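For reference, the structure discussed in these notes is given below.
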Amino acid sequence: MPLTLAVALALLGAPVLWALLRWRAALAGLAWLLPAALFVVFATRWAPVRDSGAVVELWPWIPSLGISLALRADGLSLLFALLITGIGTFIFLYAARYLHGHADLARFFARLTLFMGAMLGAVLADDLIALLVFWELTSLASFLLIGFTPEQAASRRSAQQGLLITVGGGLALLAGAVLLGQATGTLRVSELLAMGSLAELPAAPWIIVLVALGAFAKSAQVPLHAWLPNAMVAPTPVSAFLHSATMVKLGVYLLARLNPAFGEHALWTGLLLTAGLATMLTGALLSLRETDLKRVLAYSTVVSLGTLVTLIALPHPLAASALVAFLIVHALYKACLFMVAGIVDHEAGTRDSTQLRGLARRMPLTAGIALLAGLSMAGLPPFVGFVAKELVYEAQLTATASWLPVAIAIAANAVMVAVAGVVTVRTFWGPLRPTPQTPHDPPLALWLGPALLAALGLVLGLAPGLAGALVASAASAVAGHATGATLSLWHGLTPMLALSALTFALGLAILRGWDRLHRVLVAREAIRRHGPDAAYDRAMNGLARLATWQTQRIQSGSLRRYVGATLAVVGLALGATLFTQGALAWPSLAGAASLHALLPALLVLAALAVVRAEGFVRGIVAAGMVGFGLALVFLFHGAPDLAFTQFSVEAVAIVVLLAVVARMPFATPDRRPAGQRRRDALIAIGFAAVATLVLLSVLATPFDARLSDFFHAASVPEAHGRNLVNVIIVDFRALDTLGEITVLALAALAAAAVLAGTRRRAADRAEDTE
């Protein structure tokens, strides 16, 4: 119950906060109490998770499809829930002051709270369908937050870009989840993992590719990373929350969650390792081209996400511990530095690193906070960033015999050191440069959250054992077994220490040559032409051209072409299924009355008469014969009410159609070429043949009477009716019937509007004539 209550409170908190802040905006300063309370709820779940391994809450959702709202907290999901609500507490406090006086403050907090609830639901969901629902809800909430200032074109474009990429990935994930459910017979994540390795499933390659695409889109892996840096147009609290500690980690969470099931498959390892290493290199390279502090941090986040995906791919228990440790470290220092960048922008009036120097003289407190977080990002002792970096290097050296992943990691981490220097040292130290606003340290609400996060990085570095049990529990969920790794600040003189020293030295060299590297990379026209934004624009333009071509070819305005294409596709699909699945069957016709054979023959003749009719009237009469013939079939098969309904419909239809054609020509020549007529005839005959085979196969299938027995038994006691057909239509299928009635009513209203307009135009013409 606590898990369900926490997710429900987060989701319901969105409209409640919107209403409260619309009433009194000053209450925004108390909005942090909601994530803080949820953090306490999840913290109380640690003891049961530690003792039993997991806490599960199950609520039936769609029992007929085997879908439940199953929430499960183990070490990994509880870690994410604590990060979401813990960092969310500081973000809510920060946002209330950062956006103080904003006209849309209520709307902002409602969207931020909705996002937090969707994230909690996604990481706690133990059912793939529920996970997908929350997954897409995070994309929607992120779209609303990135596009918080819709009057700005950049905001609209970035929000649309993020939505298209992440929702597109979600569609791939949906297909993967369906395949996984069909292959295993369950949609419960815990049950899938209990089956052990699923690498031998026939559909495993397809599942891996589809799941990886969904995760890569959400976690900004190359080539689906363009949306993340562009999302920096959002307010800083959004960047600090969504794009450093939460949403971008959701894809990593999914890959880590399914790693025990597919980690033994070569495609899983190869795909994740390739994407992760490419993302690390790309993010490191592109970060050197940026001057906006938030975009520099965004590309460093891309590097970190590539590192996390790479660690998942490494087949060694140490990699799981390194993954979890780096996950925590990155969330702490990156959320802090994003908020520091927001403070600089808020107080100095710019985030351009070329204009920012020496701010420590005016903002000493902010400079100290930034320095603590920057040292952790650079991986220097005694900060927890050093502990995680040592563990990452140890996992990479132990898990692979190739030096390529280690070399790429050293290069990418060296750029991370340089980025930390740009955001902290270059911005706050050195000679003071003029800025658009006179900078000063911010109010308490703006610096308290970053200060606590930066201090926590130091505390966990000095005493890493404080997080040891949580890291071990989460790492066990990732690896599928206990990892045995321990967190320690000092391991002695090891190869990992040497690599850390090398990384720092290279990072200092890059920092010294940052301006020169920046100028060289900005001058490279090839990077601009083939960069992520250009690739996205080309993809969108190509999609638009494809849509235009498809529309011109398919949406021709010809009803005959629409019907022919539909019948051809459906006929081919059904026919292929019948022949490939061996579903052809021939029912027994023993005891069939001769009249039952005569009626279909008459119907065929009437249908041929419709085709060969030379005028509208003859065609309508022949079509009426088909309808009346079908009514007789219903009558002879024991459905008199359906038969009389069909009689009534046919009679009314013939009268109406004859009244319509009274104002139309009685004959229209068929101007289709002979080849087109033969093609249409072939489609019609082929579809009819397939439909006949399908019906024969259905008739040959043993009749399952459970549904009819249910209606027969339940019609009187539950629906209080003895006419089964009426009871089914009015009671058991009431919503379906309501929908049909609604459609008829709308059609009638549309016809009335058309007729009224016709009468008015006729009246206007009569007046003009007079």
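Note that Cβ sites are derived from N, Cα and C of the backbone, with glycine treated the same way.
What TrEMBL records for 62-109 is domain 'NADH-Ubiquinone oxidoreductase (complex I) chain 5 N-terminal'.
Taken from TrEMBL, the feature domain 'NADH:quinone oxidoreductase/Mrp antiporter transmembrane' covers 125-408.
Residues in the domain 'MrpA C-terminal/MbhD' (601-665) partition by DSSP class (helix H, G, I; strand E, B; coil) as 55 helix, 0 strand, 10 coil. Here TrEMBL flags 601-665 as domain 'MrpA C-terminal/MbhD'.
Counting residue by residue with DSSP, the domain 'MrpA C-terminal/MbhE' (676-758) contains 73 helix, 0 strand, 10 coil. Here TrEMBL flags 676-758 as domain 'MrpA C-terminal/MbhE'.
The transmembrane segment annotation in TrEMBL covers 108-125 (among others).
The transmembrane segment annotation in TrEMBL covers 162-183 (among others). Within the same chain, residues 128-129, 131-132, 135-136, 138-140, 142-143, 146, 192, 198, 201-204, 206-211, 213-218, 224, 226-228, 230-231, 251, 254 sit at least 6 positions outside the transmembrane segment (162-183) and bring their C-beta atoms closer than 8 Å to a C-beta of that stretch.
Listed by sequence, the residues of this chain that lie at least six past the ends of the transmembrane segment (232-255) yet keep a Cβ under 8 A from its Cβ atoms are 76-77, 80, 83-84, 87-88, 91, 94-95, 98-99, 108, 112, 115-116, 119, 122-123, 131, 135, 138, 142, 145-146, 148-149, 152, 154-155, 158, 169, 173, 211-212, 214-221, 272, 292, 294-295, 297-298, 301, 305, 308-309, 312, 327, 330-331, 334-335, 338-339, 341-342, 345-346. Residues or ranges marked as transmembrane segment by TrEMBL: 232-255 (among others).
Taken from TrEMBL, the feature transmembrane segment applies to 296-314 (among others).
TrEMBL lists 320-344 (among others) with the feature transmembrane segment. Long-range neighbours of the transmembrane segment (320-344) within the same chain, counting only residues 6 or more positions beyond its ends whose Cβ lies under 8 Å from a Cβ of the stretch, are 76, 79, 83, 87, 90-91, 94, 98, 235-237, 239-241, 243-245, 249, 252, 256, 259, 293-294, 297, 300-301, 304, 307-308, 311-312, 350-351, 356, 359, 363, 366, 369-370, 372-374, 376-377, 384-385, 387-389, 391-392, 394-395, 420, 423-424, 427, 439, 442, 446-447, 449-450, 453-454, 456-457, 460, 467, 471-472, 474-476, 478-479, 483, 485, 487.
Beyond the ends of the transmembrane segment (365-388), by six or more residues, the same chain brings 300, 322, 325-326, 328-329, 332-334, 336-337, 340, 343-344, 347, 359, 413, 416-417, 419-421, 423-425, 427-429, 441-442, 447, 450-451, 453-455, 457-458, 460-462, 464, 487-490, 500, 503-504, 507 to within a C-beta distance below 8 angstroms of the stretch. The transmembrane segment annotation in TrEMBL covers 365-388 (among others).
Taken from TrEMBL, the feature transmembrane segment covers 400-423 (among others). For the transmembrane segment (400-423), the list of distant contacts is 273, 277, 280-281, 283-284, 287-288, 293, 296-297, 299-300, 303-304, 306-307, 310, 314, 337, 340-341, 353, 370, 374-375, 377-379, 389, 392-393, 499, 502-504, 506-511, 514: same-chain residues at least six beyond its ends, Cβ to Cβ under 8 Å.
As annotated by TrEMBL, transmembrane segment applies to 444-472 (among others).
According to TrEMBL, the feature transmembrane segment maps to 492-511 (among others).
Per TrEMBL, transmembrane segment is recorded for 562-584 (among others).
The annotation transmembrane segment is assigned in TrEMBL to 590-611 (among others).
Among the features that TrEMBL reports, transmembrane segment is placed at 681-700 (among others).
In terms of DSSP helix, strand and coil, the domain 'NADH-Ubiquinone oxidoreductase (complex I) chain 5 N-terminal' (62-109) has 32 helix, 8 strand, 8 coil.
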